[in-house]
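One structure is given here, and the rest of the page talks about it.
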Amino acid sequence: MAQSTPQVELPISATLLGRFYYDEGGNSKWMAAFVQSSGFPILIPLFFFFKSPKKTDSSPLEKPSKLTLYMIYIAFGLLLAGDNLLYSYGMLFLPVSTFSLISASQLPFNALFSLVLNAQKFTALILNSVVVVTISAALLAVNSESETSEEFSGGKYAIGFICTVAASSAYALYLSLLELTFKKVTKSDSFDTVLKMLFYPSFVASCCCVVGLYVSGEMSILTAEMNGFSKGEVSYLMTLIWTAILWTIGWIGMMGLISEVSSLFSNVIGTLGLPTVPVLAVFFFHDKMDGVKIISLLLAVWGFLSYVYQNYLDDSKDKSTKSEDIEATITH
């Protein structure tokens with residue numbers, strides 16, 4: 001599959017809005033999970049502009065059956081719903097700056113899954129990136145005492161940390177499985193295929209979250225939650241709506257990078273935005289930025305740059321190889 005110009009797709013604004021939702025009076029974990037996947041209706045117009053390519057007799061690729069695709073959509077939707085819920089708990093029990101830095105642990109998880117599922121080659125720079133980002137997250141784990149407060153107690157911090165790491169591993173697995181699906185099952189990287197792999201799992205995940213809202217009893221308190229939102233009812237609705245839209249826009253970019261390049265590359269490009277979240281959190285949410293967190297932030301940036309440089313080397317090598325092949329063809 002050909003490489004395309006990458007887009008930074010991580011919805012930084014959605015992450016900040018998620019913290020804003022909790023800080024201003026929101027408390028529903030299932031609602032916070034729901035908005036992470038419920039923006040899929042905005043994709044409907046795109047299906048009319050990017051229709052499925054017509055099947056030709058010369059096409060050697062055998063398309064998967066509808067039953068197979070439905071099972072894949074359901075499986076991805078269930079995994080996505082669980083991942084969203086874990087992230088919601090992590091966001092609730094951690095300062096947003098700490099949450100974003102721990103979320104960077106998805107990179108080493110993704111590297112591991114890419115090695116096993118996607119035959120991703122490991123180099124010294126990729127290994128360096130994985131180790132450094134892992135150390136970055138580990139520093140925050142051992143620095144939990146400085147983060148504890150009345151809002152984020154020791155027990156809540158521990159739950160938030162575990163949920164965020166679990167969510168990061170599930171997210172990494174999701175990305176690697178998506179890449180495997182594009183290559184081995186759908187055998188297509190058309191925009192229509194990408195849209196379907198986003199739309200239908202998001203629909204399944206949203207349905208699961210609605211069920212979770214009813215089963216947990218949180219559905220019955222949403223009206224009171226909206227009325228008690230410190231910024232007002234309109235702000236409450238706008239927070240949820242824009243969080244859903246921003247997550248969906250981020251997913252479009254992420255899915256495109258997976259289909260065109262790889263899940264690991266998509267993850268790195270996405271996590272490039274994470275270091276900006278702690279800085280913004282200091283200004284908007286008055287998070288503490290102590291020495292350990294600054295070191296963690298610098299290590300995370302170092303890890304991201306290591307992988308980006310490795311990708312630059314690989315891209316330069318591919319271009320050089322293609323150029324040599326063209327020259328050899330012309331010569332002969």
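These residue numbers are counts, starting from 1, taken along the chain as shown.
For all residues, glycine too, the Cβ spot is worked out from N, Cα and C.
Automatic prediction, not curation, is the source of TrEMBL annotations.
Record features, source TrEMBL:
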type     : residues : note
TRANSMEM : 30-50    : transmembrane segment
TRANSMEM : 70-90    : transmembrane segment
TRANSMEM : 96-117   : transmembrane segment
TRANSMEM : 124-142  : transmembrane segment
TRANSMEM : 157-177  : transmembrane segment
TRANSMEM : 198-216  : transmembrane segment
TRANSMEM : 236-257  : transmembrane segment
TRANSMEM : 264-285  : transmembrane segment
TRANSMEM : 291-309  : transmembrane segment
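Counting Cβ pairs under 8 Å that are 6 or more residues apart, the transmembrane segment (30-50) and the transmembrane segment (236-257) reach 3 or more and are in contact. Counting Cβ pairs under 8 Å that are 6 or more residues apart, the transmembrane segment (157-177) and the transmembrane segment (291-309) reach fewer than 3 and are not in contact.
Taking every recorded stretch in 70-90, 198-216, 291-309 and counting its Cβ pairs under 8 Å to the transmembrane segment (236-257), the highest total belongs to 198-216. Long-range contacts of the transmembrane segment (70-90) within its own chain (CB-CB distance under 8 A, at least 6 residues past either end) are made by residues 18, 29-30, 32-34, 36-37, 64, 99, 102-103, 159-161, 163-164, 166-167, 170-171, 173-174, 177-178, 181, 185, 196-197, 200-205, 207-209, 212. Cβ atoms under 8 Å from those of the transmembrane segment (198-216) belong to residues 28-31, 33-34, 36-40, 43-44, 47, 73-74, 76-78, 80-81, 84-85, 222, 248, 251-252, 255 of the same chain, restricted to positions at least 6 beyond its ends.
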